[in-house]
Amino acid sequence: MHSATSYIIDAVYSVAHAFDILVKESSMTDNDYQRKLNTNINVMQRLLSRVNFVGLTGNISFNKVGDRESAFYDIFNLQVQEAANTKRVKQVLVGKWEENEKRNKRLYFFEQIHWNSPTGSPPKSECLDQCSPGTRKSITSPCCWQCVPCPRGTMNPIAGSATCIECPRRKQSNEARTECVNLPLANLKYSSAGGIVILVFCAFGIIATLFSFAVICRFWNTPIVKASNREFSLVLLVSILLLLTLVVINLFEPTDTICKIIYPWRYITYNFCLSFLLVKILRISSAFQVPIAHRYTISSLTNRMQAVIVITMHILLLFVLLPWLFLDPPTNKEYILSDHYIFIECRAYNLVVGQILFLVTCSYILLQTGFCAFCSFKIRNIPENFSEAKRIAFTMYIFLFSVLAYHPVEFSMDGWYVTVVDCVTTLLTAYGFLCCIFLPKIYIVLFRSELNNLRNIRHEVTQFSFESSAVRVNPVFDSTLQHGQT
């Protein structure tokens, strides 16, 4: 350990050696001699960089900026010590700092430092603690700041940072504002309460449809199954399965592929149901000679005519549907409500031509539904055990209501509730077919077998024919009677 006097002596000798170099390199006749004696700091730095001698504190040499190349410093700690009920401050050597010509630096302590602070911890050279992640520095003075929370939509993962980083478009900041997380998807999901309820109804509907399919196949040759047209019943059950499957697909996250499937699937399935129901209605009208409009009755409806009606209805739909899918197919569209959620929906069209073709498709289905509902209303009084005509009419009312309820929402609204309306109206249509057409039939087959016989069916047909004939005869009889009285 060197005393302060040793450092002072070495400092004086360093300046003396610098002036010695200046004197030796200057002559008495040099005009700059006086100026060099009154040197500035830059001249002195250059002279000190050439000084090299052994002093009391070791080898003395300086770098080009005037700092000593080898330095040894003692580190003292002022400690308050008590002795005989008195306090005194003592200078205690606690460490050293060494630096040699090779620029190797070393700091080491051999005594513990006693910090004279209330907590006994080292003092801080800052006015506040560093700002934690999720906040930023707001400078209040040249040497101080305050910590401000990052605003919503921004984050800062680094402590002590002065800026907050804005989250990308599809992300939002977490509650701590330390990272960006994905925005929640607002679409109706399988795991949500609404999605679970819809799936339960779908599952129950599929089970009921498969059960009805099995019962019809099991009692294939019974009168009630034969009378209600076995083949058409199976086709309608397949259509119901397609409707229920459409509901399940609606719960998937919309992609371009799913959107291109959903719209054709919906309208082809609707057309499938309507075409076979219309044929069934016309068969009943033909069998019982019930006029559809203006006393016009269909004398006979052959199998060939039935096939032509079904095929024609599908060709007309495809004539509009295929250009729509090729020219302007449905695509998914993403709506982002900043810092809230993402909603993805299927958009039926993007161009004017797609909009026109989509409207034509919807109008075609709506006209079909209205016409079938009108025809079913005309045949509603035919014997129910023979042809469930009243229930067909009620089914068509449900179908018409579903179509009218869904499409205004499809055209005018956006959001997850559009999917809910779509699923609910499709389920309503499917359950309308099951409950109105197949449930009474299954009930008679399984629990009222006495009604499932040819004699009972013939009795109802005869009674209906007699009542229909009486209705046609009464107006003639009444007019004749009135003519005789005159």
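Glycine residues also receive a Cβ, built from the backbone N, Cα and C atoms like all the rest.
Per TrEMBL, domain 'G-protein coupled receptors family 3 profile' is recorded for 194-461.
TrEMBL lists 196-220 (among others) with the feature transmembrane segment.
Per TrEMBL, transmembrane segment is recorded for 232-252 (among others). Under 8 Å from some Cβ of the transmembrane segment (232-252) lie the Cβ atoms of residues 188-190, 195, 198-199, 202, 205-206, 209, 212-213, 216, 225, 258, 261-262, 265-266, 269, 272-273, 276-277, 279-280, 419, 422-423, 426-427, 429-430, 433-434, 437-438, 441, all in the same chain and six or more residues away from its ends.
The transmembrane segment annotation in TrEMBL covers 267-286 (among others).
Among residues of the same chain six or more beyond the transmembrane segment (307-327), those with a C-beta under 8 A of the stretch's C-beta atoms are 260, 264, 267-268, 271-272, 274-276, 278-279, 282, 349, 351, 353-354, 357-358, 360-361, 364-365, 368. Per TrEMBL, transmembrane segment is recorded for 307-327 (among others).
The transmembrane segment annotation in TrEMBL covers 356-379 (among others). Within the chain carrying the transmembrane segment (356-379), a Cβ under 8 angstroms from the stretch's Cβ atoms is held by residues 263, 267, 270-271, 274-275, 277-278, 281-282, 284-285, 288, 290-293, 313, 316-317, 320-321, 323-324, 327-328, 348-349, 389, 392-393, 395-397, 399-400, 403-404, 407, all 6 or more beyond its ends.
Only residues 6 or more beyond the boundaries of the transmembrane segment (391-409), in the same chain, are considered here, and those with a CB under 8 A from a CB of the stretch are 270, 273-274, 277, 280-281, 362, 365-366, 369-370, 372-373, 376-377, 379-380, 384, 417-418, 421-422, 425-426, 428-429, 432-433, 436-437, 440. The transmembrane segment annotation in TrEMBL covers 391-409 (among others).
Residues annotated as transmembrane segment in TrEMBL: 415-439 (among others). Non-local neighbours of the transmembrane segment (415-439) in the same chain are 186-188, 194, 198, 201-202, 205, 208-209, 212, 233, 236-237, 239-240, 243-244, 246-247, 250-251, 266, 273, 343, 345, 388, 391-392, 394-395, 398-399, 401-403, 405-406, 409; each lies 6+ residues outside the stretch with a CB under 8 Å from one of its CB atoms.
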Check: Which sequence positions outside the transmembrane segment (267-286), separated from its termini by at least 6 residues, show Cβ-Cβ distances below 8 Å to it?
Finding: 229, 232, 235-236, 239, 242-243, 246, 292, 297-301, 306, 309-310, 313-314, 317, 321, 361, 365, 368-369, 371-372, 375-376, 378-379, 382, 387, 389, 392, 395-396, 399, 403, 429, 433
